[in-house]
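Novice: Just dropping this structure here.
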Amino acid sequence: MTDRVKSLQLLFDRPNEPLITPKGENGAIFQLTQDLLPVDYEDNGIALNNRFGEEADEKIPLKPLSNPPQFPIASQLPTDADFSLFLPRHQEMATEVIDVLMNIPENQLDDLLSSCVYARGRLNPQLFNYCYSVVLMHRRDTRNVPIQNFAETFPSKFLDSQAFAQARETAAVFPRGIPRTPIIIPRDYTATDLEEEHRLAYWREDIGINLHHWQWHLVYPFTASDRSIVAKDRRGELFFYMHQQIIARYNCERINNSLKRVKKFNNWREPIPEAYFPKLDSLTSSRGWPPRQANMTWQDLNRPVDGLNVTISDMERWRRNLEEAVSMGTVTLPDGSTRPLDIDTLGNMVEASILSPNRELYGSVHNNGHSFSAYVHDPSHRYLENFGVIADEATTMRDPFFYRWHAWVDDLFQKHKESNFVRPYSRSELENPGVQVTSVSVETQGSPQNVLSTFWMSSDVDLSRGLDFSNRGPVYARFTHLNHRPFRYVIKVNNSGNARRTTVRIFISPKFDERNLAWSLVDQRKMFIEMDRFVTPLKAGENTITRQSTESTFTIPFEQTFRDLSVQADDPRRVDLAAFNFCGCGWPQHMLVPKGTEAGAPYVFFVMLSNYDLDRIDEPGNSPEISCKEASSFCGLRDRKYPDKRAMGFPFDRPSRTATSIEDFILPNMALQDITIRLNNVVEANPRNPRT
């Protein structure tokens with residue numbers, strides 16, 4: 001019997017091609033029946049399918065559907081349109097498809113496969129890919145089906161549009177088995193350094209960073225009829241913390257590039273000075289992504305085709321209601337009653353997810369902000385224009401305005417954390433009696449102690465799985481990205497009490513602000529980026545804790561971003577790569593360390609060993625061995641509580657009651673060490689690139 005896992009995975013292959021053609025590197029053919037044919041091939045599809053099948057080495061039989069699924073809403077999205085979860089109409093479509101596929105009885109994989117084949121042939125390919133990925137991730141019987149790397153199936157969302165004409169030529173001219181020269185993606189293809197924001201293009205346009213954002217929202221969708229798909233443990237708080245860390249990391253990069261911290265978008269009626277020209281084409285719609293000219297302004301949105309009829313006044317009213325909730329420390333429910341406001345509830349209110357306690361009162365400020373920004377060029381659909389990159393989860397982080405918008409969103413969360421209703425931590429919550437950190441350091445092979453080394457690397461990604469209607473065989477695009485030398489943390493601890501467990505929390509932050517002045521803790525606490533968090537045993541007496549940078553619970557392994565590359569021999573998590581689906585939303589390992597500067601950027605390295613009795617999550621059936629540990633701090637754990645009882649970002653998520661600087665904040669169970677991040681401004685070829 002054909003392996004159903006492999007068959008389900010093949011539905012990701014070449015998403016704009018019909019299933020009557022062979023799929024996968026081995027040219028497998030789905031044996032379509034008349035009821036499963038795409039609409040455009042109902043007259044001659046069987047004959048074409050049979051013709052392709054004559055040369056196929058693998059044939060996949062499909063169970064006929066006596067009652068094919070119906071998609072009255074989702075089928076209204078043209079197959080050549082682009083899809084955005086930020087648009088209310090598209091949310092309705094996605095909800096319909098997810099409902100239908102989730103409701104197919106469990107362990108009826110033949111029925112599921114045929115239904116997915118039917119849906120794939122009738123729905124917009126981007127809509128289907130999103131819904132199909134969510135379904136595979138959330139059905140118990142499909143969790144072992146690998147979700148295809150999105151950059152391989154829809155490469156046009158990540159790479160310069162000029163690359164695809166070259167890619168088709170390469171696929172057409174070079175027979176399979178003949179080495180194919182990679183297509184070089186320029187480092188500066190969206191702007192020049194005349195535009196100061198372009199200094200951050202290496203970061204904003206990084207494939208791994210954009211994949212992170214897309215995958216996180218796949219694991220944490222904000223809408224679905226099945227509430228359990230959305231209502232994961234501490235989901236709203238994780239929405240806050242994941243985006244807060246993005247802003248902190250972005251500000252670190254800005255300071256390293258001699259720029260000020262990002263300015264929040266506070267006045268929603270003022271012009272947006274930042275322009276962005278993405279230089280991307282959609283292979284689905286065969287159109288270029290619309291640019292945004294400098295100094296454009298938000299306009300009231302009236303686009304019935306997208307389900308959008310929202311005014312700036314609506315947004316300002318919802319904003320006032322959110323700010324009132326923060327200032328009062330309470331959330332008002334639809335029946336007029338109130339309850340105390342917490343960070344998890346606020347996260348769901350601001351986004352807003354279906355978990356928002358009062359959507360009518362608090363609106364959907366975050367999501368609509370993306371839509372306002374994406375349609376500044378055509379707010380009323382007068383010109384039949386598509387949305388900009390900021391309205392697509394896979395491209396939104398490319399746009400400089402994403403960070404200005406999220407700086408405002410984060411500021412609202414910080415006001416809650418700084419309010420009188422969120423108590424600063426007491427000493428007893430911060431200390432760990434009997435535990436004293438005596439020294440901390442970072443060690444990088446070939447570098448002095450406490451120096452982290454970054455450099456540029458050129459890596460290849462295979463475009464062929466998304467290169468529809470072209471010959472098979474790998475077609476590589478080579479692009480340049482930031483990377484760093486692997487390093488390790490060395491932490492020496494004296495435990496004067498009994499043997500115990502402790503949570504090690506590791507952060508770094510720039511030592512000085514953009515004016516080269518020492519930080520006040522009220523500002524620096526928002527600049528600390530969490531590098532790792534893990535639980536370790538302490539024996540009585542002296543302990544030395546060593547931890548490899550590749551073990552971080554915030555990141556996914558390097559080769560998970562560049563999926564076709566062979567496993568890194570020094571990555572201790574390589575055996576767990578099959579468990580990528582849920583934990584794959586972590587931060588890319590190659591972007592763990594900020595760029596630094598060639599002269600050496602001064603940073604501070606903070607380590608805290610917190611009291612495990614206050615950190616521990618007691619959960620029935622909890623096992624110390626979890627199959628998927630990668631990025632658990634950013635992604636949580638499947639079907640489990642978030643693996644840390646403390647507030648996300650602890651101990652820097654709240655202002656200090658007494659300390660005015662990070663030096664004042666240090667207790668015996670903490671340590672601070674000056675480190676340097678030095679950029680070696682050269683490009684190294686990835687030794688794991690396929691030979692060409």
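Every residue, even glycine, has its Cβ placed from backbone N, Cα and C.
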Novice: Considering the candidates C585, C628, which is the cysteine that Swiss-Prot reports in a disulfide bond with C635?
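Specialist: Swiss-Prot annotates a disulfide bond between C635 and C585.
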Novice: Out of H381, H406, H416, which is the one Swiss-Prot records at the Cu cation B site of H366, H370?
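Specialist: Looking through H381, H406, H416, the residue Swiss-Prot assigns to the Cu cation B site is H406.
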Novice: For the Cu cation A site, Swiss-Prot lists H213, H217; sort out which one of H138, H243 goes with them.
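Specialist: Cu cation A site check in Swiss-Prot: besides H213, H217, the record includes H243 out of H138, H243.
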Novice: Just checking: which of N256, H366, C585 have a Cα that is within 10 Å of the Cα of H217 (Cu cation A binding site), counting only these recorded positions?
Specialist: C585
Novice: Considering Cα atoms only, can you say which of H243, N295, H370, C585, C635 is the nearest neighbour of N309 (N-linked glycosylation site) among these recorded positions?
Specialist: H370
Novice: Rounded to a whole angstrom, what is the C-alpha distance between C635 (disulfide bond) and H243 (Cu cation A binding site)?
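Specialist: The Cα atom of C635 (disulfide bond) is 12 Å away from the Cα atom of H243 (Cu cation A binding site).
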Novice: How many whole Å apart are the CA atoms of H213 (Cu cation A binding site) and C585 (disulfide bond)?
Specialist: 7
Novice: Using H243 (Cu cation A binding site) as the reference point, find which of the recorded positions N295, H370, N494 has the shortest Cα-to-Cα distance to it.
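Specialist: Checking each of N295, H370, N494 against H243 (Cu cation A binding site), the shortest Cα distance is to H370.
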Novice: For Cu cation B, what surrounds H366, H370, H406 with a Cβ no more than 8 Å from their Cβ centroid?
Specialist: H243, E351, N367, G369, F402, W405, V409
Novice: What recorded positions in the list N256, N295, E351, N494, C585 lie within 10 angstroms of H406 (Cu cation B binding site), counting C-alpha atoms?
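Specialist: Of everything listed, nothing lies within 10 Å of H406 (Cu cation B binding site) (Cα to Cα).
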Novice: Cβ within 8 Å of the Cu cation A site centroid (H213, H217, H243 excluded): which residues?
Specialist: H212, W214, W216, F239, M242, I246, E393, T396, M397
Novice: For N256 (N-linked glycosylation site), list the number of other Cβ atoms lying within 10 Å of its Cβ atom.
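Specialist: N256 (N-linked glycosylation site) is surrounded by 21 other Cβ atoms within 10 Å.
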